[in-house]
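Peer 1: There's a structure below that I have some questions on.
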Amino acid sequence: MKALSTWQIYSLMLLFQMGTNVVFGFAGTAKQDAWIVAFLSTLGAFLLQWLYYKLYATRPGENWTSLLKLSFGRYLGTFLHTVYIVVFLYLAARNLRDLGEVTKVQLLFNTPPIVDMMIFQLLVAYICYAGIQRMGRLAELNMPIIFLFIVLQIILISFSGIMDFSRLMPVAENWNLIATTVFPFSISVPYSETFVFSMFGALTVAPRAYKKAAMLSVASAGLIFTIWDILSVSTLGSTIFSRSFFPLMTTFQMINIADFITNIDPVIVTNYMITLMIKIAVYALATCAGIARLCKLDSYKSIIMPVSLLVIVLAYFMTDNLSSHLFVAINWTGWLILLPLFIVLPAIVLVIMTVKNRRTGEGRKLHEPTTN
Amino acid sequence: MNQQQTDTSKRLNLVNLNRFREEISHAFGRPPDLIFRKVKELLIVYIAGLVDQARVEKEIIVALESADAGGSYTDMDSPHVQKTDDFDLALQLLLSGMVLIAEPNQSYVIAADAASMPHRSITTSETENVIHGPREGFTELLVTNVALLRRILSSPKLRVHDSCKGTYSGTKIALLYLEGLAPAALISNMQKRLESVQLDGVIDSNYISEQIRDRPRSLFPTLQSTERPDVVADALLKGRVVVLVNNSPFALVAPFLFWNAFQSIEDHFLLYSSANFLRIIRAIFIIMALFLPSLYVAITTFHIEMLPMELMLSIAASRERTPFPAIVEALIMESIFEALREAVVRMPQRLSQTASVLGALVIGQAIVQAGIVSIPMIIVVSITGIASLMIPRYEMTFAVRILRMLLLFMAATLGFYGIAVGIFFTQVYLTGLRSFGVPYLSPIAPLVWKHFQHFFIRKPTAQSEVTTDHKRKKDWS
């Protein structure tokens, strides 16, 4: 049963990819050339999405965990299945912690972040109970809001008269830096993260529609990131941009229209909450679905609460402070988790499945596009 | 009427008319308004007040006296005259304003229609006012209401299905739709739900509404009730189905979607551009009706730095004198406003002067001077009050008012974060609602492009949704 429409999966993927970048900006380490990184990463992301699409198209009826079992046999497959569950759980917790940190720094200075995180995880649990179809509706319901906010942000910052495009100079100063930022970090976060949608493959849309939605969402996200980076660097200058924890947040805090519209952080944080709501919910649902399949449960709903509790605990004890949290994100998660598990392994599985399909001739039959 | 009962229930016995008279009299408990008259050898029975006395005299009694026997009536081929041999049906017919004519040694009685039910004449609708456009509202009489609709939609495609609900009230209800426009699935869904209704009495259409709508306990209405024939006709043209209930001037329209609550029928009666202007104003103020008090509380409690310096100072200065936190102020004012609203509805007309004096002077002026509530809060609550009166559908105002209160608490504990989370919870809840199979948030979630186009902006009537192209109405979601 296909529970989602193309537009819904597009909305889900776009909001998912925007995720934390709404406040963290994109590729801050590349200084004034961040926008080039954003642009190049988008091109790379197209390749990546093509890989995911091919993988999905080899066996449209299967999801990622069952593909693992098909490719690597029962024991190794089950082991990898477990690894993915842990990784999804970890990533859900990471994003929740991001939210806790941003809320503490930008919005609720005196409330302990654990309270914010618990309330948000409760919301996520509710979304998981609602299921993937309602999650899709939630995403498309929030699309107009996000669209409105982004347009508002761009217009307001442009009219504040503080942008100076000369701050983008020198363009492409250090190709080495650009290359190392594009790969692996910028491609892995957020683009490779969309691999989590392969956990619901059979539920979402037909492969063709998936390709369309994924490619369009990558294009939209890439466009938004590039514009944001240009705005941000030309407002803040490359030094503050690369040094700030929340470059985009800092950028939009500079908005000043006639001394009246001066402080629109709540708008940005609301924006951020929408994208993170989708992101954490997708990860949490993927975790629940993974556990349910591993333990052969009838319904994933019974494990939502335990998983949510784990996410909160993990998010709370993950790091001591924001700096180390971001350090792990930039230096470790990309190399250790996203690159091997979300890029390399899918590529290996694609090769294995293609060979298997060739041998059995099964692929052609399954490849028939189910129209959507 | 209930023709299928004939097999199981008691047959009439007309061998002895006196016995027949006794049986009927007994069934009703010998009431004073049950009238028996003898014309020649015939027995005439009717209930005073439900029939037009003059018509009974002129059309029935005089006719019968001049004719040879009841035969002249028996031969008449008219919907106003029917024969029955079923005792219960005969009682039912009496109650619906028919005159029974019993002839000795026949197996049936003749029921002739001379009904003149007591009723209110057609007046303007009280709950949904418009400046332009038709003014009539429905009345309590089902026949009149159906006639009003037939006058607007003079088409044989307008289908009316009758049924009776309520063990004791025997209330007539009618299901209406336009053949070819309303999806078949919707009609059968509605019919199925109507059949399952079990009630002792149906006093108002809400009795039916609560039994047939999706999620009857939800805060959000999933069935529209309206007093205006033009609204109903418009809904019928858009392929919806309508249930009319006798004794209630409120028609039920299904499916009812979230966004319908914010569109007024008057949008179609005004100039295209002014209608869209009004829609924008309405959208802004309805959003304010929902958010303004909680935004105010959140800003003054958590995010005071959001305001420009001068505004911040003037708000801080006026809050200086009040001893309560903003949330308490907000709750005091909100509850007083809700109380005023409720009191004005219940109060006799002559006392309305008192209410406005109390409201304006005591609650507006004195409460500020006494230092209980600050002036900005009064302004916020007043704007909210006006804004919540702008919601075109009365049922939805409750959802907005209750949601506003909940958001107020969220804002007082977690500021903007709380408001956002509260709204997200509401969103997730709304994504799961359906009205007669149609997702409640359609056409935005799920996106249905052809309906979406007509949803923010009212297009000129030439491009409007109402067309004779039947295929376009097939699917709703």
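Cβ atoms are placed via backbone N, Cα and C, with glycine included.
Features from TrEMBL:
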- A:7-28: transmembrane segment (TRANSMEM)
- A:34-53: transmembrane segment (TRANSMEM)
- A:74-93: transmembrane segment (TRANSMEM)
- A:113-132: transmembrane segment (TRANSMEM)
- A:144-163: transmembrane segment (TRANSMEM)
- A:183-206: transmembrane segment (TRANSMEM)
- A:218-241: transmembrane segment (TRANSMEM)
- A:272-292: transmembrane segment (TRANSMEM)
- A:299-318: transmembrane segment (TRANSMEM)
- A:330-355: transmembrane segment (TRANSMEM)
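Map the listed features onto the structure and describe their local environment.
Peer 2: Proximity of distant same-chain residues to the transmembrane segment (A:7-28), defined by a Cβ-Cβ separation under 8 Å and at least 6 residues beyond the stretch ends, is recorded for 34, 37-38, 41, 95, 98, 102, 106, 135-137, 139-140, 142-143, 146, 181-182, 185-186, 190-191, 193-194, 196-197, 204-205, 209-210, 212-214, 216-218, 220-221, 224-225, 228-229, 232, 241-242, 244-249, 251, 268-269, 271-272, 274-276, 278-279, 282.
Nonlocal intrachain contacts for the transmembrane segment (A:34-53), taken as residues 6+ away from its ends with a CB within less than 8 angstroms of a stretch CB, comprise 25-28, 168, 171-172, 178, 181-183, 186-187, 191-192, 194-195, 197-198, 207, 210-211, 214-215, 218-219, 221-223, 225-226, 228-230, 232-233, 241-242, 343, 346-347, 350.
Cβ atoms under 8 Å from those of the transmembrane segment (A:113-132) belong to residues 3-4, 92, 96-97, 99-101, 103-104, 138, 200, 203-204, 273, 276-277, 280-281, 284-285, 288, 300-301, 304-305, 307-308, 311-312, 315-316 of the same chain, restricted to positions at least 6 beyond its ends.
Only residues 6 or more beyond the boundaries of the transmembrane segment (A:144-163), in the same chain, are considered here, and those with a CB under 8 A from a CB of the stretch are 15, 18, 224, 227, 231, 234-235, 251-252, 254-257, 261, 264, 267-268, 270-271, 274-275.
Sequence-distant neighbours of the transmembrane segment (A:272-292) (same chain, 6+ residues past either end, Cβ-Cβ under 8 Å): 12, 15-16, 18-20, 22-23, 63, 65, 81, 84-85, 88-89, 91-92, 95-96, 98-99, 102, 120-121, 123-125, 127-128, 132, 135, 138-139, 142, 145-146, 196-197, 199-200, 299-301, 303-304, 307-308, 311.
Residues of the same chain lying 6 or more positions beyond the ends of the transmembrane segment (A:299-318) and with a Cβ under 8 Å from any Cβ of it are 89-90, 92-94, 96-97, 100, 114, 117-118, 121-122, 124-125, 128-129, 280, 284-285, 287-289, 291-292, 325.
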Peer 1: In the same chain, who gets a Cβ under 8 Å from the transmembrane segment (A:218-241) while lying at least 6 residues past its ends?
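Peer 2: Residues 13-14, 17-18, 21, 25-28, 31-32, 34-35, 37-39, 41-42, 45-46, 49, 150, 154, 157-158, 162-168, 190-191, 247-248, 250-251, 254.
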Peer 1: At a C-beta cut-off of under 8 Å, are there same-chain residues at least 6 beyond the transmembrane segment (A:330-355) that contact it? List them, or none.
Peer 2: 29, 48, 51-52, 54-55, 58-59, 67-68, 70-71, 80, 83-84, 87, 90-91, 94, 184-185, 187-189, 192-193, 195, 198, 363
